[in-house]
Amino acid sequence: MDVRACVLCVCRSCTDIICCVLFMLVIAGYIVVGILAWLYGDPRHVLYPRNSTGMFCGIGQNKDKPNVMYFDIVKCATATNVMAAALQGLQCPTTQVCVKSCPSEFWILSPLAHLPGANPANYFKQEYCVPSFQLQGTQYSAMDIVNKELCPFFYMPTTSALGRCLPSLGGNAYNPSNIPTNFTLPGLDANQTLAAIRNATSDLTNGFNIKEVGLRIFEDFAKSWQWIVAGLVIAMVVSVFFLLLLRFTAPVLIWVLIIGVLAVGAFGIWYCYNEYMSLSNSALTYNNVGFTTNVQVYLQVRDTWLAFLIILSIVEAVLLLALIFLRTRILIAIALIQETSKALGHMMSTLFYPIVTFVLLLVCVSYWGITALYLATSGAPFYKVVAMNTSQSGCSVIRANETCDPETFNTTQYPTCPSARCVFINYNTEGLFQRNLFNLQIYNVFAFLWCVNFVIALGHCTLAGTFASYYWAFSKPADIPTFPLIQSFMRALRYHVGSLAFGALILTLVQIVRIILEYLDHKFKEAQNPCTRFIMCCLKCCFYCLEKFIKFINRNAYIMIAIYGKNFCVSAKNAFSLLMRNIIRVVVLDKVTDLLLFFGKLLVVGGVGVLAFFFFSGRIQTPGTTFETAALNYYWMPIITVVFGAYLIAHGFFSVYNMGVDTLFLCFLEDLERNDGSPQKPYFMSKNLMKILNKKNKPAKTG
């Protein structure tokens, strides 16, 4: 029977069915949680501000009034209070109304408004008053209007930030010369008023200054998005070109990099020796220096350079010995890298599979975020009667925890407390669904992590099956299957969902433990003593290493699943055993590949970043374009965007390449152990690899 029939064309069956069923049940439960959250949740509580009656600004009857104005912004003296008001409702203890636009000037009620016969309509602005109150024809005096908080006593320049009228950002609005002389708050003189405004607005200005910066950045993106896209396209082209070029330049490039590392080490040895000899007359020792945070002091000690010299000499010697004794394995690693470039040339579609993974991950993240938002706003709003002006003695009639309905509430029910208001407190926690919101949020996080890890596992298995189909094709490229990427993807979904879910579940459980440890560390950080901090640090370090190890095992297990179609445990055991039998080859290939891909990322990201810097900073001009760098507010933002996007693009392409190298390497090891090169058991490896092996008397079976 043809050897190929034993590998990718085996009679496969579904693996890890129990885990597959469990995963499907979790997904079904996740969908149910999302539906319940959608039915009970109302994200408007977070997305839109509300006035004192609980009505949303910007929608419904307040559609033309998207901003909420605080009557006394000084009462919201800290950014924490205002952010709480922004996210949870009306925690800021002052009346709030929906307005079409925020005030743009300083204003305070004129003393003339308190004169007998004065008409309040001549002094207040209706647009800033409570909607249910009409200035025209009112029987209230100006003092009554202020005490009942029907209209504001004063307001100051504000701008809309997240739909909230907050003190104006930037400019000279709060310059003392721009504040009217009659603008003094009750009980304060002009200087005290200015100090109160500064104290109340300093944190707010710092906290919300990001809005103005964000608008400028958005303006920069609108002006330069075509060039940003052009930079990302250049990054994509350079990445693909670099990977394909490795087929021809890998040997030279890798040896140049290896020699470069040795040269850097040799330069370090020479430099340390030179510094050591230059301090030959120095009498400074560690006993004289003692402990200090000034590192420069230690560099004046001769023994410091002697220690550096010894360490670098040992590292250099180890690298030279490794290069001498592992040269054959380095040649094998180079040949595998070349073979991966050749495989990419025959299966270019693999380079674009990260787009599929990105879309699936985007779906997972979006579903998790929307579900979390709806769960956080589940339950009917809970309102209580609160006195906005606590100085009014008659407000003691308000009972503790007295509930109300903002639609039917009327201040006439509390004649001795005219500032009584029906305000939002929190969301109703009664009912089975509302009582289990915390548990549902935990389930949301758990299902999200499992889905994300499954999507990544699916990508690994799909790419592994694609590259394995290339390796086990006896005559390349004639025997490579048609549409190998699609076939591998469908094969993974048809037979191995359970195995992929199993590996993803193990990784998810470890990540959940890490999240719990981070939460406990953050929660009890100040109450910890040195011993508990040490234990917590050790636990976090251990689980971090465990997560890395599981990712390594899972990655190679998915490759074996793609090749042989066995369940997760058997595949993980076989992959681990195979790698341990060839541990030296594994280390050499891993380090050579890491060095090469690091250089590739540095080349792509650094090259595109330098090009973007020279272009967006105006140091180079493109003929025939109308783009002007002087029109940008922050020219470094497009540069950062291009660099970050170039890194993501390079990482996506190089991750495919890395998966190809790992897959071909495992296939190569399997080929060595299963076959002997005879006509009955021919090798499937490339001629280049076979030529390297033939330099020895016989193929090496172990590392």
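The backbone N, Cα and C atoms fix where each Cβ goes, and this holds for glycine too.
Automatic prediction, not curation, is the source of TrEMBL annotations.
Feature annotation from TrEMBL assigns transmembrane segment to 21-40, 225-246, 252-273, 305-326, 351-375, 445-473, 493-517, 595-616, 636-657.
Spatially, the transmembrane segment (636-657) is not adjacent to the transmembrane segment (305-326); fewer than three Cβ-Cβ distances between them are under 8 Å for residues at least 6 apart in sequence. Here the transmembrane segment (21-40) has Cβ contacts under 8 Å with residues 367, 370-371, 374-375, 378-379, 433-434, 440, 443-444, 447, 450-451, 454, 497-498, 501, 505 of the same chain, all six or more residues outside its ends. Of the recorded ranges 225-246, 351-375, 493-517, 595-616, the transmembrane segment (252-273) has the largest number of C-beta contacts under 8 angstroms with 595-616.
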